[in-house]
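Read through the structure below, which is laid out as structure tokens, and then see the notes.
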Ligand code: Q46
Ligand code: ZN
Ligand code: ZN
């Protein structure tokens with residue numbers, strides 16, 4: 001098969017819209033799509049400082065690569081979760097990716113910072129639940145302490161579609177009301193703006209783009225992700241996409257049009273400052289400081 005535009009041998013067959021593209025035209029297509037997503041949802045202004053959270057995996061590596069290529073002012077943050085060999089490998093991939101890009105990389109190691117790695121804390125809380133809480137707190141506070149305007153993460157269309165799908169299956173209307181490509185800055189900037197530049201590209205397209213650009217990434221999954229229900233939801237959506245190309249993007253775009261219906265159910269807890277760290281909290285002490293039993297705030301400011 002040949003490229004739709006230049007008749008060179010095809011590098012990829014896209015299913016929606018259906019077309020064959022050579023490597024060069026695929027890169028162009030992908031970059032244009034991400035640029036349009038950033039503009040459509042008004043994610044970033046050209047002069048903003050953006051912190052990209054890089055895990056070592058493909059999605060965040062591609063996010064950093066493309067934001068740099070589109071001319072944004074980015075720095076990267078890797079959070080080493082302290083999950084044995086998996087985390088060591090992830091960190092070395094994040095380093096390699098940022099070196100190749102020529103972008104500054106900051107590293108925060110959970111075990112050094114908090115005494116224990118993810119998976120080592122004795123708690124009834126599920127591992128992924130306190131892992132998520134820890135990551136979200138660290139990248140937000142790191143961005144806030146260092147004056148970043150936005151945090152960019154690597155969530156792609158498959159992640160978003162499966163997240164919405166699973167939350168609909170459980171009617172978690174609170175989560176649905178807050179889900180989207182951009183979360184604006186709140187609480188006097190203490191909650192830094194979050195953006196997802198890969199919101200409209202599929203996982204398959206991200207893999208192909210990484211391959212086309214020689215981006216190396218960690219392929220192993222976190223040991224705690226085994227059996228996660230989100231993987232099942234992704235499989236179901238992939239089957240549907242196979243039968244009806246466009247299912248995922250139409251589902252997510254339809255959701256965004258109807259999201260206001262869930263907003264009526266939003267019971268926003270009144271936020272105040274955490275007694276320990278001063279960050280926004282619904283109780284006297286925020287969930288991060290409470291979980292890690294902190295008595296002092298953590299200062300993430302980088303000496304320059
Ligand atoms: S939440 Fe759970 Fe992930 Fe943390 S413990 Fe691993 S699988 S890394 S996205
Ligand atoms: Zn071509
Ligand atoms: Zn706190």
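Placement of Cβ uses the backbone N, Cα and C atoms for every residue, glycine included.
The Zn(2+) 1 binding site annotation in TrEMBL covers 3, 6, 22, 25. Around residue 25 (Zn(2+) 1 binding site), the same-chain residues at least 6 positions away in sequence with a Cβ under 8 Å from its Cβ are 3, 4, 5, 6.
Under the heading domain 'Rhodanese', TrEMBL lists 21-91.
Non-local neighbourhood of residue 277 (Zn(2+) 2 binding site): 141, 286, 288, 289, 294, 297, 298, each in the same chain, at least six residues away, with C-beta under 8 Å from its C-beta. Taken from TrEMBL, the feature Zn(2+) 2 binding site applies to 274, 277, 286, 289.
Residue density at residue 6 (Zn(2+) 1 binding site): 10 other Cβ atoms are found within 10 A of its Cβ, drawing on all protein chains shown. If you draw a 10 Å sphere around the CB of residue 286 (Zn(2+) 2 binding site), it holds 23 other CB atoms from the protein chains shown. Counting residues per DSSP class in helix, strand and coil order gives 38 helix, 14 strand, 19 coil for the domain 'Rhodanese' (21-91). In the vicinity of ligand 2, defined as a Cβ distance under 6 Å, the following of the binding-site residues 22, 274, 277, 286, 289 are placed: 22. Around the Cβ of residue 3 (Zn(2+) 1 binding site), a 10 Å sphere holds 19 further Cβ atoms from the protein chains shown. Looking at residue 274 (Zn(2+) 2 binding site) and residue 22 (Zn(2+) 1 binding site), their Cα atoms lie 53 Å from each other.
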